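Here is what Swiss-Prot records for this protein:
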type     : residues : note
TRANSMEM : 1-21     : transmembrane segment
TRANSMEM : 25-45    : transmembrane segment
TRANSMEM : 60-80    : transmembrane segment
TRANSMEM : 95-115   : transmembrane segment
TRANSMEM : 124-144  : transmembrane segment
TRANSMEM : 149-169  : transmembrane segment
TRANSMEM : 178-195  : transmembrane segment
TRANSMEM : 200-219  : transmembrane segment
TRANSMEM : 242-262  : transmembrane segment
TRANSMEM : 274-294  : transmembrane segment
TRANSMEM : 326-346  : transmembrane segment
Amino acid sequence: MNPHATPVLVLSLALGTTITISSNHWVLAWTGLEINTLAIIPLISKSHHPRAVEAATKYFLTQAAASALVLFSSMTNAWATGQWDITQLNHPTSCLLLTAAIAIKLGLVPFHFWFPEVLQGSPLMTALLLSTLMKFPPLTLLLMTSKSLNPALLTTMALASAALGGWMGLNQTQTRKILAFSSISHLGWIAIILVYSPKLALLTFYLYTIMTSAVFMALNKIKALNLSMVLTSWTKTPVLNATLMLVLLSLAGLPPLTGFMPKWLIIQELTKQEMTPAAMAIAMLSLLSLFFYLRLAYHSTITLPPNSSNHMKQWYTSKPPSTPTAILASLSILLLPLSPMIHAIV
């Protein structure tokens with residue numbers, strides 16, 4: 001790929017995201033989603049490997065179908081009510097169609113099948129964009145229409161996402177697929193609270209973005225695409241691997257790390273809404289995700305690779321991690337004491 005193309009594509013992603021999150025008209029929001037889709041496809045397929053081309057094709061087909069559903073949903077609503085305003089989604093059929101369309105774009109169960117395959121075929125930094133930035137515009141549309149959505153449908157999809165994200169991640173050895181199922185599981189937590197507290201859903205997404213970005217940047221630094229590569233990287237980057245372990249434990253939601261905050265607040269809010277069974281179910285389902293986070297953390301720090309070397313650490317190490325990785329890792333680990341202030345601001 002032309003080296004000048006990447007900045008143009010990244011700017012296009014920023015433009016598409018900005019158009020979608022700042023628009024009140026359905027056609028403008030749809031335009032932003034399409035700009036995002038067309039900008040990310042070259043980044044997915046830039047290695048020209050058959051798996052990357054396959055991932056780009058799968059991504060294009062699913063996103064095109066989802067965008068068509070978004071447009072059809074908005075047209076159905078406009079036909080029935082005469083409104084093109086995003087916040088005026090009042091027609092019940094339009095609400096169901098939009099929920100399905102956004103679920104496809106986000107990768108919520110039962111529309112999740114494309115997401116792990118696309119992430120597996122993408123470079124690590126493109127996978128980071130797919131897991132974080134590309135989910136922000138569709139999530140914004142859900143937040144803007146949250147008062148019109150069906151709570152029972154979203155709760156069902158959320159619990160299914162938490163269950164399947166944890167269950168399918170158990171037997172994975174590829175780091176990108178593990179993080180794909182992690183993303184599906186976290187989307188379940190966001191979806192279950194979306195109708196009752198949109199601001200808390202947004203806070204959960206922000207914290208998920210910080211933690212996932214730190215993990216992807218660390219994995220990109222040590223070039224770890226599977227568990228065995230994570231296993232052998234300790235001798236070269238011990239500090240980064242130790243930090244990666246803490247960020248993974250935070251992503252799992254263990255106290256006293258940052259990732260515990262959104263789970264704690266969501267369970268508290270669900271209990272206030274008299275949804276104690278749903279809160280208990282999603283809390284129990286998060287234990288499935290905890291297992292593969294612990295396995296990844298265990299491989300990154302506690303075990304050593306089987307080799308004939310009689311020393312624990314190589315005499316040379318890689319360059320120190322970049323400043324963004326250090327900042328994101330610190331935020332991923334240390335934000336829990338600030339949770340009262342963050343919750344008050346939200």
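Note: Cβ is positioned from N, Cα and C throughout, glycine not excepted.
Between the transmembrane segment (274-294) and the stretches 25-45, 95-115, 149-169, 178-195, 200-219, Cβ pairs under 8 Å are most numerous for 149-169. Long-range neighbours of the transmembrane segment (326-346) within the same chain, counting only residues 6 or more positions beyond its ends whose Cβ lies under 8 Å from a Cβ of the stretch, are 199-200, 202-203, 207, 210-211, 213-214, 217-218, 243-244, 246-247, 250-251, 255-261, 264-265.
Same-chain residues lying 6 or more positions outside the transmembrane segment (25-45) and placing a CB less than 8 Å from one of its CB atoms are 1, 5-6, 9-10, 12-13, 15-19, 52-53, 55-56, 59-60, 63-64, 67, 70-71, 74, 77-78, 84-86, 105, 118, 121-123, 126, 129-130, 134, 137-138, 141. Listed by sequence, the residues of this chain that lie at least six past the ends of the transmembrane segment (60-80) yet keep a Cβ under 8 A from its Cβ atoms are 26-27, 29-30, 33-34, 37, 41, 88-91, 93-95, 97-98, 100-102, 104-105, 114, 141.
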